[in-house]
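Inspection log for the structure reproduced underneath, given as structure tokens.
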Amino acid sequence: MTIALGKFTKDEKDLFDIMDDWLRRDRFVFVGWSGLLLFPCAYFALGGWFTGTTFVTSWYTHGLASSYLEGCNFLTAAVSTPANSLAHSLLLLWGPEAQGDFTRWCQLGGLWAFVALHGAFALIGFMLRQFELSRSVQLRPYNAIAFSGPIAVFVSVFLIYPLGQSGWFFAPSFGVAAIFRFILFFQGFHNWTLNPFHMMGVAGVLGAALLCAIHGATVENTLFEDGDGANTFRAFNPTQAEETYSMVTANRFWSQIFGVAFSNKRWLHFFMLFVPVTGLWMSALGVVGLALNLRAYDFVSQEIRAAEDPEFETFYTKNILLNEGIRAWMAAQDQPHENLIFPEEVLPRGNAL
């Protein structure tokens, strides 16, 4: 029996090889297999958003004006979520709700579902693009792993949270002021700022900003003076092989400042990757919990004492009262289809009132 070792070569290229050669060709803008998902989905998501914010009203879903055509500006325009009565329908243009009528589809909130789903797949396509390029140039895939953080947040907030609630209606609309309203909603109905997963997310994002500032300043501080240029950008050749700054000097500086410092670049840069990505993932997990209506921290003993003792109040009990006020005011404003009416006597009043 003879075993032949060697690389198998095909006599002629099949369709897959031809497509692979064209998609992965070296060009100004890399396409790749991931581009088949990324570019169409990104085009449709952005196109849907620009169309919605320019022309489409939210009168039939939220009782609001939300387009430039109606007088909104960049901060107040939005592509609004579908009506609560449509629950979790995919709102396909050819589906039973719109029945192929594009105008009706826009009025019902079909553009939101269109933008959300295509946006999610576009983000996934962008992550796959980073995987594909990393593999092509023999890099490790940490860029793609890092980008999983924003994807996790987007999917949890825009898709998983409303799936856990009664419908897409309770997802954020795609607009600046609309996102602000959603944040207030999260605080009032879920006490989001006291949720430990939100705390970890804030620590991750702000900690990452601090790390970036410290790292950038430290590198600038310890640059080798081996160029004739007057500033950082002229003094160094962008293709030079040698290092441009002194890790040893940086280590000594921070050892004197804090008493501790990173001793090697791998651990330093892994930490800069770990902090924000972990923070984003923790936030995403917290939002998944909110989809299931899991509660934040409750300090019931303080609430009971505040109810019994007019002179006892903490920042926590004041925030609980504020949340009740947000719910009482926002529910009626935010869900006009429910015809909610709250009499004056049930509205929250703090000890100071």
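In case you wondered, yes, glycine gets a Cβ from its N, Cα and C as well.
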Self-check item: Per Swiss-Prot, the range holding transmembrane segment, considering 27-40, 153-166, 167-180, 265-278
Solution: 153-166
Quiz prompt | Cβ contacts of GLN130 (pheophytin a binding site) (under 8 Å, same chain, 6 or more positions away) | solution = PRO141, ASN143, ALA144, PHE147
Practice problem: List the same-chain residues at least 6 positions away in sequence whose Cβ sits under 8 Å from the Cβ of PHE262 (plastoquinone binding site), in sequence order, or say none. | Solution: ASN251, TRP254, LEU268, PHE271
